[in-house]
Structures are given as C-alpha cells and as structure tokens.
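For reference, TrEMBL has these:
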type     : residues : note
DOMAIN   : 1-347    : domain 'Major facilitator superfamily (MFS) profile'
TRANSMEM : 28-49    : transmembrane segment
TRANSMEM : 61-83    : transmembrane segment
TRANSMEM : 89-111   : transmembrane segment
TRANSMEM : 160-183  : transmembrane segment
TRANSMEM : 198-219  : transmembrane segment
TRANSMEM : 226-246  : transmembrane segment
TRANSMEM : 323-342  : transmembrane segment
Amino acid sequence: MAIIISLILYTIGGALEAGAINFGMIVGARVILGMGLGLEGGTVPVYGAESVEKKYRGNLVSLYQFMIAFGEVIGYVVAAIFVNVPSGSWRYMLCSSLVFSTIMLVGMLFMPESPRMLLHRGRTLEAFAVWKRIRGLASAEDHKEFFIMHHALDAEVNEAIVYANIMIALGQLTGINAIMYYMSTLMSQIGFDKKQSVFISLVGGGSLLLGTIPGVLYMEKFGRRFWANTMLPCFFVGLIFVGVSYQLNSVTATEGMYLTGIILYNRFFGSYARLTWVLPSEVFPTYLRSYGMESTDANLFFGSWLVTYFFSDMQRAMTKTGLTLGVYGGIAVLGWIYQLLFMPETKNKTLEEIDLIFRQPTSQLVRKNLRNVTRGMSDIAYFRFGKVFSPTEESHEVEQQIQEAKA
C-alpha cells in the first residue's frame, strides 16, 4: 500500500508540475513529488528483499539502483530531445514522468503484500499463502526459511543502524549527486557551450547506468564486501582525473581529462551505489525494517541536499580541485578503511541469519574482517582468485547460531 500511495503522489506531483502556471505551483508540486520519492525509496527495496530468495536478493534489489540510473539517462535524453523547442520545452520534460508512474501504479495493484510483514502483523495464514504464491514451496529450503521467519526473535539493531547509515553517508558525501545535478554546469565550466553540455551530460549518466549492470548480475556471486572495497578505490581514481583536469592549461586536454574522470567515477560508482539500497533493505530485523529503511532514506536525501546545496560555495572556497580531491576523495579514503574493518558479509544468507550477524560483538567482527583481508591479500598474491570470492562464513556456523538463538 505504501508503494501505491507513493505512486499516486508521483502522478499528482508530476501533473501539477507540468501544468504549473506560477513558481509557487512548481514548488508545491516538487514537495508532493519529494514525499512520494521518500516513501517509495524506503519501501521498494524492502519489499524486494523480503520477498525474494536469498541467492537472488542482492541482484534483485540492485535492479532498483539500475532503474534509478536508467531514469536519469531517460531524463537526459528527454532534455536533449526538447532542448530546441522554442517555448514550453520544460513542460514536456516534466510531463514525461507521468508515463512511468502510471504504468507502475497499475502494476502494483496486482502485487501481494510482503510475507514477512504479514507474519509480523500476526496474519500467518495470509503470509503462508503469499509465500506459496511467490516461492512455490517446491524445496525443503523454502519450507525451512518460512519456519525460521515465523519463529525468529526480535534482534537488537544498534549496530545495524550505525552501519547502514554510515554506508549511506559514504555514498552521498563522496559527491555523486552534486556531480550529477550540476553535470551541465560543470561541463560548461571546462569549456563546453550550453547545448553541448546538455548532450554531453549523457556520457556521465550513461556511465552510471552501465556501472550498475555488473552488480545486478553478480552481486550475490562476489558478495557485498567485494563490491564495496573494490569499487570505492576505483571511483577515487576517477576523482583524481577530475581534480587534475582543472589544473591543465589546454582546453582540449582539460575536456579530455575531465570526461575520462567522469566516466571512470560514474562507471565504478554505479556498481558501488547499489549497496545504498541492498544493505539497508537486509540488515534490519522485520519489526523495524521499514522504519530502518526510512531512516537511511532520510539520511540519503539529507546527504544529497548537503552536497548539492553547498556545492557552489564549497567550490569557490576550496577551489575545484580542493573540493574534488580534498573533500570527496578524502571521505572516500576514510570510508574504504571503515569498510575493510567494520563491514560484514551478508551474501547468501537469509534476513534472519543476517540479524544474528549484528548480535556479535564489534570486536569479533573486526577480527574476522582482518583475517579475511589478510587471507584475501595472500590469495591474490598467489593468484587464488576463486578463494577470494568464496563465502567468509560457513553455513553450518550460521545454523548453529540460529539454534542457539532459539534456545
């Protein structure tokens, strides 16, 4: 129902925005759209995570980020199509959103409620009926997971809240939304004219979209720690290219270096950004999952507002290179250290098994991560790449934890 309400808000806001006759009407429409966006961002990833099998969960939730990036590319395409319309081009751009919100609204009318949410509300028979509909109950694993869901204990969430919100903050404070929102302006700053900037913005948006595809296919194969700890240093390299480009004297060299940096940054951030939705959708226990997701959603939009609202002032005060490398790059380096030490691996685990991970002492998690990092470096040095991507925790250990928790 929350998703349906968000889509209704999208449709109303988009219609009011496209038909606005004054500035106040546009602001009001944007507020309505923002309410829909906040509600949808806190429910769609959770809905997917609670409904799909554990071996597909990361890949499916990653599709959410793929569709966000795809929507941004469509937005750039629509802007490029209507940029030369003599008058009212902005109305066509804004009106285009109604097509997608309407299609999704009709589709959601045929979707069932989350089985885990039904269990949480005490509607066990309805939950079992939905579980049977979406899983088929063809295997013993499906029966076992439903049994564990039904008898799962309410887990503590302090560590999960801190972890999820730090990961969200890392994604935002490395500057992605500032760069995406100001893409045309930044293109103009390095030498492109206004119309060229609109078209070349497709390069950044397209790179972000392409970057999400590997994770959609291989999130569960390689695990969350692989994508986080590999992609973050890689998009830091893109920030280096962008920062250096501002120091070049040749316009052609500046444009080439800047575009290379933007392509690298967006390409690798696209793979990293999927964790923004995958991690919060799975680390909270059922009774707090929606609230936890909304808290990280609020953190995401606050971080987005922070980097975009102060972007121009920070660029003037710190210089373009100082902002790109000093602030965004510095946060990326600190975030990488945090991830290596404090980020647990949650691939190939049910949501109830993930609850148990956050019951362990933080010191135990850090020791385990240090062992995994040391072992991973050794495996890479001896070209044992198959072991690098193997699960870090054996299934029988998780099973033992579940039995102890029940006892």
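Placement of Cβ uses the backbone N, Cα and C atoms for every residue, glycine included.
Most Cβ pairs under 8 Å with the transmembrane segment (226-246) belong to 323-342, among the candidate stretches 28-49, 61-83, 89-111, 160-183, 323-342. Same-chain neighbours of the transmembrane segment (323-342): 163, 166-167, 170, 173-175, 225, 228-229, 232-233, 235-236, 239-240, 242-243, 246, 311, 314-315, 362, 365-366, 369-370, 373, counting only residues six or more beyond its ends whose CB sits under 8 Å from a CB of the stretch.
Counting only same-chain residues 6+ beyond the ends of the transmembrane segment (160-183), those with a CB under 8 A from a CB of the stretch are 72, 197, 201, 204-205, 208, 228, 232, 235, 239, 262, 265-266, 269, 272-273, 275-276, 279-280, 283-285, 292, 295-296, 299-300, 303-304, 306-308, 311, 323-324, 327-328, 331-332, 335, 338-339, 342-344, 358. Between the transmembrane segment (61-83) and the stretches 28-49, 89-111, 198-219, Cβ pairs under 8 Å are most numerous for 198-219.
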